[in-house]
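Structure first, commentary second.
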Amino acid sequence: MGKFILDSQFAPAGDQPQAIQKITQFIHNGAQYSTLVGVTGSGKTYTMANIIANLNIPTLIMTHNKTLAAQLYSEFRGFFPKNHVEYFISHFDYYQPEAYIPRRDLFIEKDSSINEDLERLRLSATTSLLAYDDIIVIASVSANYGLGNPAEYLTMIHKFEIGQEEAQKTLLLKLVDMGYTRNDTIFERGNFRVNGEVIDIFPAYNEKEFIRIEFFGDEIERIGVFDALERTALTQLESFVLYAANQFIVGAQRLQSAIKNIEVELENRLEEFVSQDKQIEYQRLKTRTEFDLEMIKESGICKGIENYARHLTGKKAGETPYSLLDYFEQKGKPYLLIVDESHVSLPQFGGMYAGDRSRKEVLVEYGFRLPSALDNRPLRFDEFINKAPHFLFVSATPAQKELELSQEHIAEQIIRPTGLLDPLYEVRDADNAVLDLYDEIKARIAKNQRVLITTLTKKMAEELSKYYAELGIKVRYMHSDIDAIERNHLIRALRLGEFDVLIGINLLREGLDLPEVSLIAIMDADKEGFLRSETSLIQTMGRAARNVEGKVILYAKKITGSMQRAFEVTDYRRTKQEEFNRIHNITPKSVQRNVEQELKIESSGLSRLYEKASKKIPKSERESIIKELNIKMHQAAKALEFEEAARLRDEIARIRTM
């Protein structure tokens, strides 16, 4: 079994040593649920890393949004550079699920756009899970959604060995069964190509390397690893294991069984519609399902094939669907599931099932889908919370649910390694908030510090951003329409000083590690509600706890109950921290953290790879690269993807001028 090797120049400090020791002991003693109550800036992520290293078991870390997942992915890759750290979030750039609105007789077709890089990372996560024990997967709520059967996925692997006897035709058919596509013109992820007795395979889960299998007759003579950009040999292998091109691969026998079961279900459902005299629903379901069945018989896939997941995976009606957690269980060993920011993540996990169910029940009732489509769903909360052998809930403000589950298995982490105290806070009159805050912003900019402002409405955030920009402040506005990658870019740009003030609504609370921020301004702090609850206020105020000059200004007309309770928690923690510093003669210092490289994810993996390494492209290779890009450019234009076509055109022009 691979061993986790934690790489850090720091030793645990503050409350970290006792928290690490307690949680490790809880889990060693068999506790299924434990909670780490850690104040903002106390190094909860580093504590988590130490716990993982101590336990030395596969670990899944789940959080409620993609921004935090990206941040955790960067941090854990830094902590465990010699181990396998993977990333598993939704692979959609855009997703509109199918739905039916009866009162308007409006059917909305499913519409989506898959991000190829995110798909590759998801595949990398599942293949690594089956191949390695020293693995950490950072995931969003996507981990709770349906995946293919991991046991079936394991049957869809192929091992190559030097000296192995295998007819080339047989191998090519096997590659197609595994989801790979032959393409002798454009060679990219998920493709293979054939040139005489040489077969090149580009694993769907690999970004930079492809495999070359060289035959002598029907015998494998050589196995090589090649750089996908430079087409140069990297190393020779004695053997190589290839995994399927997607997680929903189904063997021929299972597929035939699924088709038969779908036909039986369709027949039964149509009989129900006849008995209920529902002619429209009858015709609708018959037409749609028979079309899908024809597509599955011909090509093994159809649009919306996930709605037949129950049949394709061999599950029974109502049975728990397969998810990423089953890939951990497939290993047959204990594993740890960490729920980061659990006070937000757990309620979100709990709400996923109900929303999905209500939408699909309408589709089933009106004949758009078979009843089995209801089993293509996220895990219910009761299924999720009993799935893993060991849960660790991590939060500065855990909810009652986590505390009840954990009982006595709770560790506190209030003392920060840096000696930093919970921030000072001040309540100011809301009437003069905008001008008063402008003066505070100018003072912070003069010290090369950053400011976060949280508002209650999108309109106020937009107007405030526009107003301060007109006054010469470098300000940006983070709103809910910004995708995960752009949010990550904004946060990084703030840290680098490309702008000084970031304004948002509820996007500035959990998990944002911003040592450069010394001022948090909370507008309309006295407006009771979700965004100004005790928990939300504590979390928001905590964003200023990574800077020695951290301060929070709450603009309000009165002090609400939520504000008062948040102040009491802050005062309690600050008193305890001051006492610890006094006893140990500690002088508080701001957190020092490098600005990690951005998670490089774009819509066109091929173009990005060429752009990233264009300076390395040998002159002799440029024409072949230009040829490939030119084909992709015309394909994009034909598909009316003009922005992508223009980007590829510019890339071609740039390579030609090198």
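The backbone N, Cα and C atoms fix where each Cβ goes, and this holds for glycine too.
From the options 91-114, 163-186, 403-426, 523-546, the stretch Swiss-Prot describes as motif 'Beta-hairpin' is 91-114. Per-residue pLDDT, averaged over the domain 'Helicase ATP-binding' (25-416), rounds to 93. Cβ neighbour count for V39 (ATP binding site): 28 (other Cβ atoms within 10 Å of its Cβ, all protein chains included).
Under DSSP, residues within the motif 'Beta-hairpin' (91-114) fall into helix, strand and coil as 3 helix, 15 strand, 6 coil.
A C-beta separation below 8 Å, combined with a sequence spacing of at least six in one chain, links T40 (ATP binding site) to A396, Q539, G542, R543, A545, R546. For the recorded ATP site, residues G38, V39, T40, G41, S42, G43, K44, T45 set the reference point as the centre of their Cβ atoms, and the other residues of that chain within 8 Å of it by Cβ are T47, A396, Q413, R416.
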